[in-house]
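TrEMBL lists A:His256, A:His260, A:Glu286 with the feature Zn(2+) binding site. What TrEMBL records for A:Glu257 is active site, proton donor/acceptor.
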Protein chains: 2
Amino acid sequence: MEVTKEWREHFKQLRAFDEAISLLYWDMRTQMPEQSAPLRAETIGYLSTEAFKRQTSESFASLLERMADEKDLSDVEARSLEIAKTQYERNAKIPHNEYQAYVTLVSEAETAWEKAKEQNDWDMFAPYLKQIIEFQQKFAEYFGYEKHPYDALLYDFEPGMTVELLDELFASLRDELVPLIQQLPKESLSLDWSMPADVQETICHDWMNVVAYDLSRGRLDATVHPFEITINRRDVRITTKYDEADFRNALFGTMHEAGHATYEQQIDPMLDELGLGGGASMGIHESQSLFFENFIGRSEAFLRRVYPKLQSLHPAYAAIDFDTFYRGVNEAKPSLIRIEADELTYSLHIIIRYELEKALIQGTLSVDELPAAWNEKYKEYLGLDVPSNAKGVLQDVHWAGGSFGYFPSYALGLIYAAQLTETLKSALPEFETLIAEGEIEPVKAWLKENVHQYGKRLTPNELIQQVTGQAISVQPLVRYLTKKYQTVAK
Amino acid sequence: MEVTKEWREHFKQLRAFDEAISLLYWDMRTQMPEQSAPLRAETIGYLSTEAFKRQTSESFASLLERMADEKDLSDVEARSLEIAKTQYERNAKIPHNEYQAYVTLVSEAETAWEKAKEQNDWDMFAPYLKQIIEFQQKFAEYFGYEKHPYDALLYDFEPGMTVELLDELFASLRDELVPLIQQLPKESLSLDWSMPADVQETICHDWMNVVAYDLSRGRLDATVHPFEITINRRDVRITTKYDEADFRNALFGTMHEAGHATYEQQIDPMLDELGLGGGASMGIHESQSLFFENFIGRSEAFLRRVYPKLQSLHPAYAAIDFDTFYRGVNEAKPSLIRIEADELTYSLHIIIRYELEKALIQGTLSVDELPAAWNEKYKEYLGLDVPSNAKGVLQDVHWAGGSFGYFPSYALGLIYAAQLTETLKSALPEFETLIAEGEIEPVKAWLKENVHQYGKRLTPNELIQQVTGQAISVQPLVRYLTKKYQTVAK
């Protein structure tokens with residue numbers, strides 16, 4: 001077989017494994033009888049191992065070499081080779097037995113973290129975290145880096161991103177956000193956000209219609225922890241959770257997942273057979289979910305369009321005027337829990353975590369010092385006293401799962417989203433009118449043409465540069481938030 | 001690794017592949033957006049090929065040899081080896097290129113058959129059937145047989161079954177059934193069997209409760225073509241179709257699939273890691289579905305229990321007395337379509353197909369002669385004129401799919417079910433009282449203990465012999481049908 005054909009065959013097989021594994025996971029979270037859990041975990045384990053073997057086998061190493069020797073690779077084939085080679089080399093650098101020990105540790109750590117959070121007991125989790133950080137430090141050395149060990153870990157989430165750049169971005173973002181937050185009104189609106197689950201479900205489907213998430217190539221189901229999952233390019237599913245105490249969670253959560261899903265649906269399907277399907281990075285992916293959730297979903301134009309229907313389905317809101325609803329949806333105030341934070345204060349939660357995990361990996365902060373350091377930063381950046389580790393340093397699963405370098409993606413998503421939205425609005429000056437009229441297709445087409453179709457063909461940096469003509473910058477986000485919170489707090 | 005450990009590891013991996021493939025299939029039929037179909041087919045294809053490779057690889061051949069050299073295999077390990085070896089040898093006997101050509105042919109033949117049936121055009125399908133039969137004849141020679149080439153094909157569905165035995169069983173069954181059928185009343189009851197789908201769904205769930213199909217280790221969903229599918233031993237799912245014109249289809253169809261599923265749920269889970277999970281044969285599996293559908297579901301005891309609830313949910317039946325309902329549910333008369341046939345005439349549909357396919361494989365009947373031969377047998381055995389090939393020889397997909405040797409399983413299922421039921425009733429003389437009182441657990445426990453738990457540990461023949469103390473015999477079925485239709489037609 002020709003080398004490039006064999007190359008594509010490799011990725012087509014991997015895609016098939018991915019489809020099976022994704023479906024096994026989706027089913028586990030939405031359909032499967034609970035008793036099946038241990039066998040399902042075993043099945044996912046076997047298939048994941050099988051897929052991993054294909055990416056690390058000697059025969060794939062030989063294919064990589066033959067591919068590297070090929071003349072006349074197309075641009076996209078060359079990009080495919082570049083990514084696969086880097087990934088292969090990263091995998092090959094970690095000794096097999098260390099990786100096995102690490103996988104076991106992480107699985108135990110997640111269980112320990114769950115209990116530790118439940119019982120507000122930091123000491124239950126700390127020993128695991130220490131070992132995880134030791135592994136991560138070793139892995140960073142194996143992978144190699146130029147300036148900072150944390151750079152080596154960022155690759156898995158945001159290829160090309162560095163501590164040097166993040167320090168600069170996050171410092172200026174923090175300096176701009178803190179005064180904005182200080183100007184927020186102190187009093188709360190205290191609206192009643194409760195709504196029956198079935199009404200939420202109807203409204204979610206209505207909103208999906210308005211943003212034209214293509215349900216003929218997807219599904220919307222209920223789960224405990226909402227997620228988007230790509231079964232294949234023509235089957236991108238999302239889930240949501242109908243929280244009867246606060247309908248904002250389901251409505252905006254669904255918009256968020258629909259943003260991820262629309263990205264996945266609009267990636268050029270041919271890229272799958274080169275391993276270039278999927279988003280450019282976690283940050284770019286998050287920019288698309290946040291674009292749908294915040295830049296469309298929480299915008300005045302969109303909300304004005306959907307509010308009358310919401311009122312008719314939910315009579316408790318019949319007497320609440322649009323301005324109150326709009327301000328309620330966009331209410332911002334410092335809070336302890338990241339996943340409950342509003343779009344104005346959210347980045348500060350991320351910056352805190354970034355600064356802490358960077359120091360942990362560098363070795364300038366110890367695990368024993370971590371809870372106190374966490375609490376200090378929440379006081380300094382958000383003005384809050386952290387009442388317990390459960391509501392502080394133990395709140396997120398990421399560190400227990402060994403995901404060091406993941407947190408920055410969330411804030412990068414906001415930064416990218418604001419940059420892309422500025423460009424989008426200059427390309428489509430009628431953007432707000434389109435949203436107000438429920439004419440989302442030109443927006444989706446612009447995103448497909450300029451962002452989505454590329455998948456992993458461009459690095460995040462290349463993509464942002466190509467679309468906006470500029471490097472990554474926090475200014476568009478600052479402009480957006482400044483303008484918005486002047487209106488909301490008016 | 002120890003050989004027996006490696007052996008179990010092989011089957012555990014196969015089980016994982018089976019779970020993934022089954023789930024991909026289930027999802028395709030119940031959840032998947034339609035647009036995903038081509039990619040899903042590709043995914044199932046890749047994973048099936050991967051699973052097949054593991055069963056036919058050189059490394060498995062070597063494992064088979066080492067396993068055969070092992071002393072002190074347990075009984076169950078020896079049985080595992082026996083089945084795996086036979087299957088490996090059968091697979092190895094077919095030249096790879098012939099098998100590939102055959103797979104392609106069958107896939108084209110199924111498409112051709114679908115159109116041929118739709119357009120009532122035998123000539124569209126006949127050329128494919130000729131080629132399929134040529135392949136099947138060749139395969140029979142490759143596999144080898146003692147007396148009849150059809151014996152070689154029966155192995156895939158009913159290991160140990162032969163033409164010699166089937167001829168004897170079916171001849172005596174036919175001779176007993178024909179006079180019974182001739183005594184049936186000529187007039188029809190003409191009840192209105194329509195019912196809204198949501199009421200059918202409620203009743204189906206109610207019936208599942210009465211027969212204690214364990215939905216905590218399964219699911220019941222809607223599909224176009226109902227089926228049972230084992231995701232794993234703790235997740236056995238069934239589907240049904242709510243036909244608003246005739247609720248008997250969904251109600252008894254669900255009972256049928258619940259019978260298959262209960263068998264699968266009660267197989268000893270340890271057998272999966274020896275490749276001995278799953279039913280003893282197609283015939284034994286069918287006996288369990290038919291036991292639930294007919295010997296419980298259509299019994300007076302069961303129906304008396306569930307009828308008041310059905311009447312309360314379906315007021316159109318409030319004025320219809322139980323006897324009329326019971327006779328309606330059990331109404332028997334000769335008909336053209338196998339899948340719509342009642343339990344009295346059903347076996348004749350099977351015997352006709354058996355006689356025809358046996359002759360086709362033997363070469364004593366040609367494909368060109370087949371439609372006329374079909375019509376003659378329907379006249380002779382059921383007294384019916386076949387109005388079109390669409391309602392005759394083209395009605396079933398089995399031959400298009402290359403499943404020669406499959407049809408007898410349906411009638412063997414009835415025969416086995418009647419034998420097992422006679423034994424069950426002598427072990428549990430209070431059987432009918434239990435059913436009437438909705439106390440199904442002792443019945444399920446007896447089935448588990450005597451039939452289900454064994455999976456493929458026993459051959460169908462060994463199983464029937466062990467449970468009933470006798471070889472396969474049509475007499476219990478004849479006794480059951482004679483008694484029942486004396487009552488129904490009274």
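From the backbone N, Cα and C atoms, a Cβ is placed for every residue, glycine too.
Sequence features annotated in TrEMBL and their locations in the structure.
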| residue | record | Cβ contacts under 8 Å, 6 or more apart |
| --- | --- | --- |
| A:His256 | Zn(2+) binding site | A:Pro226, A:Ser289, A:Leu290, A:Phe292, A:Glu293, A:Gly297 |
| A:Glu257 | active site, proton donor/acceptor | A:Pro226, A:Phe227, A:Glu228, A:Ile238, A:Thr239, A:Thr240, A:Ser289 |
| A:His260 | Zn(2+) binding site | A:Glu228, A:Ile238, A:His285, A:Gln288, A:Ser289 |
| A:Glu286 | Zn(2+) binding site | A:Ser409, A:Tyr410, A:Leu412, A:Gly413, A:Leu414, A:Tyr416, A:Ala417 |
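Apart from A:His256, A:His260, A:Glu286, the Zn(2+) site neighbourhood in this chain, defined by C-beta within 8 angstroms of the site C-beta centre, holds A:Glu228, A:Glu257, A:Gly259, A:His285, A:Gln288, A:Ser289, A:Leu290, A:Phe292, A:Glu293, A:Gly413.
Secondary structure from DSSP puts A:His260 (Zn(2+) binding site) in a helix.
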